[in-house]
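For reference, the structure discussed in these notes is given below.
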Amino acid sequence: MAPSRKFFVGGNWKMNGRKKNLGELITTLNAAKVPADTEVVCAPPTAYIDFARQKLDAKIAVAAQNCYKVTNGAFTGEISPGMIKDCGATWVVLGHSERRHVFGESDELIGQKVAHALAEGLGVIACIGEKLDEREAGITEKVVFEQTKVIADNVKDWSKVVLAYEPVWAIGTGKTATPQQAQEVHEKLRGWLKSNVSDAVAQSTRIIYGGSVTGATCKELASQPDVDGFLVGGASLKPEFVDIINAKQ
């Protein structure tokens, strides 16, 4: 990892937890040592964004897990970037594979959400990744480049964007991409940014890995030159999340 890219660890709590056990988790995180050169962000369920922001130390930022592409309106069940900011959160996760594949969000919609969230001043954790059949068909690059292009077309300022590579076959399955597999895709993504955006953006943009990251797998993954951090699912609800935060130490 280049010295200019601050290590980034995001915890995606998904649709898990209640105030009692999330409060206990927050107590653990507040007591944890967060290295000065590591940025930590937690994404609680929407109902608990306010709760998490009030309870978490300032050293840990808060993200929403999703948002819509407009400011206000008749969009039952949706939240806007302005609402997210009003609750004290500063980031949003967009394009997660569960949004794409469970809820049918298109590349186009994700791109529109990215544009609106950035325009409203949120940082964006933009997720991309291939399914198992796509990897086995040898089209990983094609899939992730297409997804990245739609995101890139909607980004003016890359300083507020973290790109999260999450191979869909490794999310919640216990299968982790090997450090070499992760590095290979991250390196190609950085190459794509260099060719299609700019060398400066390629060098400065953090590309993080997601997909069954645990306390046991994080150190070797973190040692790869183009792996700039993690987006963590299940393990972010456990005390081992502290080990992942300290993966570079």
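Each Cβ is built from the backbone N, Cα and C atoms, and glycine gets one as well.
Some features that Swiss-Prot has for this protein:
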ACT_SITE  HIS96  active site, electrophile
ACT_SITE  GLU166  active site, proton acceptor
BINDING   ASN12, LYS14  substrate binding site
CROSSLNK  LYS142  SUMO1 cross-link
MOD_RES   TYR68  3'-nitrotyrosine
MOD_RES   LYS149  N6-succinyllysine
MOD_RES   LYS156  N6-succinyllysine
MOD_RES   SER159  phosphoserine
MOD_RES   LYS194  N6-acetyllysine
MOD_RES   LYS194  N6-methyllysine
MOD_RES   SER198  phosphoserine
MOD_RES   TYR209  3'-nitrotyrosine
MOD_RES   SER212  phosphoserine
MOD_RES   THR214  phosphothreonine
MOD_RES   SER223  phosphoserine
MOD_RES   LYS238  N6-acetyllysine
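Distribution of Swiss-Prot features across the structure.
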residue: LYS14; record: substrate binding site; DSSP (3 states): coil
residue: TYR68; record: 3'-nitrotyrosine; DSSP (3 states): coil
residue: LYS156; record: N6-succinyllysine; DSSP (3 states): coil
residue: GLU166; record: active site, proton acceptor; DSSP (3 states): coil
residue: LYS194; record: N6-acetyllysine; DSSP (3 states): helix
residue: THR214; record: phosphothreonine; DSSP (3 states): coil
residue: SER223; record: phosphoserine; DSSP (3 states): coil
residue: LYS238; record: N6-acetyllysine; DSSP (3 states): coil
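The two recorded residues, LYS238 (N6-acetyllysine) and SER198 (phosphoserine), have Cα atoms 38 Å apart. For the residue listed as 'active site, electrophile', the nearest of the recorded positions by C-alpha distance turns out to be GLU166; the candidates were SER159, GLU166, SER198, SER212, SER223. The recorded positions shown are ASN12, TYR68, LYS149, SER159; of these, the one with its CA atom nearest the CA of SER212 (phosphoserine) is ASN12. On a Cα basis, LYS149 (N6-succinyllysine) lies 12 Å away from LYS194 (N6-acetyllysine). For the pair SER198 (phosphoserine) and LYS149 (N6-succinyllysine), the C-alpha distance works out to 13 angstrom. Straight-line distance linking the Cα atoms of TYR209 (3'-nitrotyrosine) and LYS149 (N6-succinyllysine), rounded to a whole number, equals 18 Å. Taken residue by residue with DSSP, LYS149 (N6-succinyllysine) is part of a helix. For ASN12 (substrate binding site), applying a Cβ distance below 8 Å and a minimum sequence separation of six or more within one chain yields ALA43, GLN65, VAL93, HIS96, GLY210, LEU231, VAL232, GLY233, SER236. Applying an 8 A CB threshold to same-chain residues 6+ apart, the list for LYS149 (N6-succinyllysine) reads ASN196. In the three-state DSSP reading, LYS142 (SUMO1 cross-link) counts as helix.
For TYR68 (3'-nitrotyrosine), the nearest of the recorded positions by C-alpha distance turns out to be LYS156; the candidates were LYS142, LYS156, THR214, SER223. Scoring each of the recorded positions (HIS96, LYS142, LYS156, LYS194, LYS238) by how many neighbouring Cβ atoms lie within 10 Å, the top position goes to HIS96. Sequence-distant contacts (6 or more apart, same chain, Cβ under 8 Å) of the residue listed as 'active site, proton acceptor' comprise HIS96, SER97, CYS127, ILE128, GLY129, TYR209, GLY210, GLY211, LEU231. Local packing around the modified residues TYR68, TYR209 was summarised as the count of other Cβ atoms within 10 Å of each Cβ; on this measure the leading residue is TYR209.
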